[in-house]
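Report on the following structure.
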Amino acid sequence: MDPIRTSRLRAPLLASALLLAGSSVCAAEPDLETELRLNAMIGDTETAAELLDQGAHVDAPNQFGKTALMFAVEGDDLETVALLLSRGADVNARTVAGCTPLTFAAEAGHIGISALLLERGAHVHDRTRSGWDALMIASRHGITDMVEQLLFKGADPKAADREGRTALMQAASKGETGVLPLLIEGGADLEARDKQGATALLIAADQGQAGAVETLAGLGAQLDAVDALGSTALILAVGHGHVAMVERLLAMGADPNRQDRKGTTALMEAVATDHAELIDRLIAAGARTDLKDDADRTAADIAVQLGHRQAIARLAPKASKTP
């Protein structure tokens, strides 16, 4: 069989796949390497083997740096992955963006393929250009089996990306609660901070991930930790209007009267957006109306300044009773 020839049945699939594999739309026919990547992509192990026998370079990349092995990994094609590795494919090859076969497997959750890659020498600590390793990627997608496998193989749960974010922070930002205990058991630092001074709990609060906040607090994370600007989880949640998050934080004992570096309280944040429901909940939880920010303004002053009628209606009577 001529591996360059394609059947009529597969022609529509191959035509679109050729572009992904790296073939020029103007080419009369793809070269051996493009055909290899293509067949790795569609899972044709037999044809891939014949192309290699004809001299196709196993690690030839497309314009984005993707090799046949990476395409096979993405397609969850264990047979083709095994073939390419047996023919000398670089298990640690990198794309232009720094992705490796292992990071592709981690993102897709292909646990069997990642096991084979690791067995063949895949570097568990390799990073993409964004600074993400396979553990961060698997954690972000909540793939518990992959996280367990990578931790067992020595992945570092304390490693951070270019923004200073760890695998725990990645999972927290997406609300992947099932991954969080695994990372803590594996040695992740609950109170590690990114470049903005935020902990995993603060990141979860900022993203409205109430379940993640509750899980992290249950694991021992500080509820009233502050970021570089002095904001607490409660202040961040109020600022984004995350009602369910605010309710949980208050129920867990978050202090409604903490102030950030500019003196802003959670109540002032609620007033700034004229969020009546949050104003009521914060006041009911003991938020003080007499606290002032660095501009010497109370929450009522801010409400009047902004012309927020709902806030004024709720705060004016209370402000007048303040001694």
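Glycine is no exception: its Cβ is also placed from the backbone N, Cα and C atoms.
What Swiss-Prot records for 1-28 is signal peptide. Marked as repeat 'ANK 1' by Swiss-Prot: 31-60. The feature repeat 'ANK 2' is assigned by Swiss-Prot to 64-93. Positions annotated as repeat 'ANK 3' by Swiss-Prot: 97-126. For 130-159, the entry in Swiss-Prot reads repeat 'ANK 4'. For 163-192, the entry in Swiss-Prot reads repeat 'ANK 5'. According to Swiss-Prot, the feature repeat 'ANK 6' maps to 196-225. Here Swiss-Prot flags 229-258 as repeat 'ANK 7'. Per Swiss-Prot, the feature repeat 'ANK 8' maps to 262-291.
The repeat 'ANK 7' (229-258) scores a mean pLDDT of 96 in the predicted structure. In the repeat 'ANK 3' (97-126), the DSSP tally of helix, strand and coil residues is 17 helix, 0 strand, 13 coil.
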